[in-house]
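To start, the structure itself, in structure tokens.
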Amino acid sequence: MAGLEAAASAGPEALAAELDAARSRSLGYTDLAEDDLLRQHSPLMSPLVWDLAHIGNYEEIWLLRALTGTPELRPGLDGIYDAFRHSRASRTTLPLLGPAEARGYLADVRARVLDVLAGLDADQLLPGSGQDRRERLLAGALVYGMVIQHEHQHDETMLATLQLRSGPPVLDDPGTGRAGSAGGAGGVVVDDTAEVLVPAGAFTMGTSTDPWAYDNERPAHRVHLPAFHIGRFPVTNRAQLAFIADGGYDDERLWSAEGWAWRCQEGLTAPLFWSRDGDVWTRRRFGRVEPVPLDEPVQHVCWYEAEAHARWAGRRLPTEAEWEKACAHDPVTGRSRHYPWGDTDPTSEHANLGHGQARPVPVGSRPAGASPCGAEQMIGDVWEWTASGFTPYSGFAAFPYREYSEVFYPRSNDPARFRVLRGGSWATHPSAVRSTFRNWDFPIRRQIFAGFRLARDADAS
Ligand SMILES: [Fe+2]
């Protein structure tokens, strides 16, 4: 159970199981030597031991103090583990809890949280129209959903840190169970450049009813879009290799001015973690070097690379609204689905999520997860860059705190600094992604598990 079903049956026991599942994951990713936890593997990332104690501190703030009014367990931790007070690059200089201390703190918080949870009435967790802040936090188990998703989001961040780490592998590699370059499902070769048509019309974007949706996904609103085509699959490594072979990284005409400046400054010639060995392209994945599998969605490209590739292909990136319509809009019922395939929680047949495998799966491998318009692998595999900046929907109201979304929106007269990504990656837990889920990052970022999908206007050839 995860996500929608957890929220729907949000009894204390179901929530305790969800909290426990997230914790197993966090402890698994930090079951490492002390040096690996304390070291900064990249200036882009926190030391892993910071993420670990931050997870506990966030849980203490929301599931203990906000619900019960109890005082801080360890005064001073809030400042150290406030993500807004300290850049990731500076976090090694803080008086961090050591690994053993951090684990002890997490266990202490969790034991108290479970006591509070056990004392709640299932009625208090039903979706409702609570008036005071505590009632609103409990309605639909919103605050529990927030903390569970937060821990899984940090677990994905920790995976990005482990991908940046150098040295021999520390993670098991579950593998795909088949050769990555042998085509789609069971060797069935699909046309990885196929497109699907999304007819013109209105659809419902965002949500006003999903209890675990973040404030930035709200409220639901109608959006009318002209007809457009969108890729049936995310762009593959095969297509990215063709872009490279055609000189795409060296052709200034394909890049925006900012993108070209960044490409030149950083000397970009291929996705992050790729290397060329004679005629063979390889990639490094969690410390293992392997040939680039042609049929997997490309990952570790920044927004500027995605934009240049799209221009090279005679396409463009989809807007955020186009992406969501292609993912969720059901033309038969007129409503938007929680997931492309419907409202039931994801299984491994639908989507490659939750680190079942430490990589995207070949395109064509998840036909059961197709959306009503026929787009596949929209949820899972790789986050997909969209053309859109991160801005609030009309009617947005920050809840329960401004620092989740609002502080990232453009300031007045300031262009959007962040680009929206949609759909989650292979590393994303099912509870932390849905058709309406919005992620965002700087257009230069490549360490995240992000790729893209192409689109074009329907009247353009
Ligand atoms: Fe956080």
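Any Cβ shown, glycine's included, is placed from N, Cα and C.
What TrEMBL says about a protein is an automatic prediction, not a curated fact.
The domain 'DinB-like' annotation in TrEMBL covers 19-158. The feature Fe cation binding site is assigned by TrEMBL to His54, His150, His154. TrEMBL lists Arg88, Ala89, Ser90, Arg91, Asp441, Arg445 with the feature gamma-L-glutamyl-L-cysteine binding site. As annotated by TrEMBL, domain 'Sulfatase-modifying factor enzyme-like' applies to 193-456. Taken from TrEMBL, the feature region 'Disordered' applies to 334-370.
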Counting each residue once, how many in the domain 'DinB-like' (19-158) are helix, strand and coil under DSSP? 97 helix, 0 strand, 43 coil
Please count the residues of the region 'Disordered' (334-370) that DSSP assigns to helix (H, G, I), strand (E, B) and coil. 3 helix, 3 strand, 31 coil
Here the Cα-Cα span from Arg88 (gamma-L-glutamyl-L-cysteine binding site) to His150 (Fe cation binding site), rounded to a whole number of angstrom, reaches 17
To the nearest whole angstrom, state the Cα distance for the pair His154 (Fe cation binding site) and Asp441 (gamma-L-glutamyl-L-cysteine binding site). 15
Cβ-Cβ distance under 8 Å, sequence separation of 6 or more, same chain as Asp441 (gamma-L-glutamyl-L-cysteine binding site); the residues meeting this, in order, are Phe418, Arg419, Leu421, Ile448, Ala450
How does the model score the domain 'DinB-like' (19-158) in terms of mean pLDDT? 93
Return the maximum Cα to Cα distance in Å (whole number) over the record's gamma-L-glutamyl-L-cysteine-binding residues: Arg88, Ala89, Ser90, Arg91, Asp441, Arg445. 20
Based on Cα distances to His54 (Fe cation binding site), point out the closest of the binding-site residues Ala89, Ser90, Arg91. Arg91
